[in-house]
């Protein structure tokens, strides 16, 4: 029954995308089937096949070790404040945000050394050959596995000005369907399962292309002519690369911290108002989370959450992520991952929630896309603005598809035990 419900969820998500497509007749069966096959095959390999699960675990251990090295720098700066066992306990601003700074610097060094470019070219080339997509959208999708929605398009910056509407939309969806490697480390610091975060990041690449090409198929002629490389902004050495990345990471961490202070406080204010008004009618426990849980509970059922209480919790997280952002969603989710949590979620539900939240698909991302892509190619700013809401919908569907597929194989694995 669980398998059938997951398959039904996948079919419904694809059907929604087809209904929202601007040209259903132009949908490429090769691209759609290929992208779905890659997503399902990769999920089966790392979430169901024992050897693949071991490889994913090894990758997660490696990333955890890298994070641990970053903690040395955090401990040096913050001392006892960075030790959760001390009286100060777990301090989000000390344990989570600085990891973003470290990872941002590390990724910049990997870019300087050319390692990231090689990996992106290999993965992007594989996607291009398998799906028949253009070089630009394939490379950007591959880059989104590791970096965020404003950094990934830099890989194909020379293409943006002249790319087709479908290509531009695919790049936007790739950004909304994925997260940045730097913030992934931050989510892991909150207790979100790192294995699922890594898996979701890789699955986001084919998922983003799948829903981008369903909702905005390629009808124009695209060009794969190699643009000229621009090394004018390349750091002079590794130290400058690390410093520049750390500086950018600090700005990101400050933005995340400021955003959380504002939004978490605003949510508390709204909950206070809702509980006060709800108390007049006998609903004193009414909150924004409970409203989201009610609205998105059917969606949680659709993507594979079978327990009623857990479906309500998953609905809360999905609503938070869409209305606010994924960081607030994960912050709420982290409460259910604590040892003293009153509600213990099943492993399948944990996976589904982690995958469903693992993307920048929220309404504030539209402004980020306009600023990022519009800055790289000012002539395309109006196109980005026009396609913004549709890109958020496509990115959300991509995240939900990954969550559904993950739930399917984790459920099969649990049933086989």
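Just so it is clear, glycine is given a Cβ too, placed from its N, Cα and C backbone atoms.
Within the set 66-86, 129-149, 192-212, the record from Swiss-Prot flags 192-212 under the feature transmembrane segment. Beyond the ends of the transmembrane segment (286-306), by six or more residues, the same chain brings 2, 5-6, 8-9, 12-13, 267, 270-271, 274-275, 277-278, 312-316, 318-320, 323, 332, 348-349, 352, 356, 400, 403-404, 407-408, 411 to within a C-beta distance below 8 angstroms of the stretch. Below 8 angstroms of C-beta separation, residues 287-289, 291, 324-325, 328, 331 of the same chain, each at least six residues beyond the ends of the transmembrane segment (261-281), sit close to that stretch.
Each of 1-21, 96-116, 168-188, 192-212, 392-412 was scored by its Cβ pairs under 8 Å to the transmembrane segment (32-52), and the highest score goes to 192-212.
Pairs of Cβ atoms less than 8 Å apart link the transmembrane segment (192-212) most often to 392-412, out of 1-21, 96-116, 392-412. Taking every recorded stretch in 96-116, 168-188, 392-412 and counting its Cβ pairs under 8 Å to the transmembrane segment (1-21), the highest total belongs to 392-412. With a threshold of 8 Å between CB atoms, the same-chain residues lying at least 6 positions outside the transmembrane segment (168-188) that come near it are 63-64, 67, 70, 96-97, 99-100, 102-104, 107, 133, 136-137, 140-141, 144-153, 156, 160, 194, 197-198, 200-201, 204-205, 207-209, 211-213, 215-216, 249, 252, 256, 326-327, 330, 358-361, 365, 369, 373, 380, 383-384, 387-388, 390-392, 394-396, 398-399.
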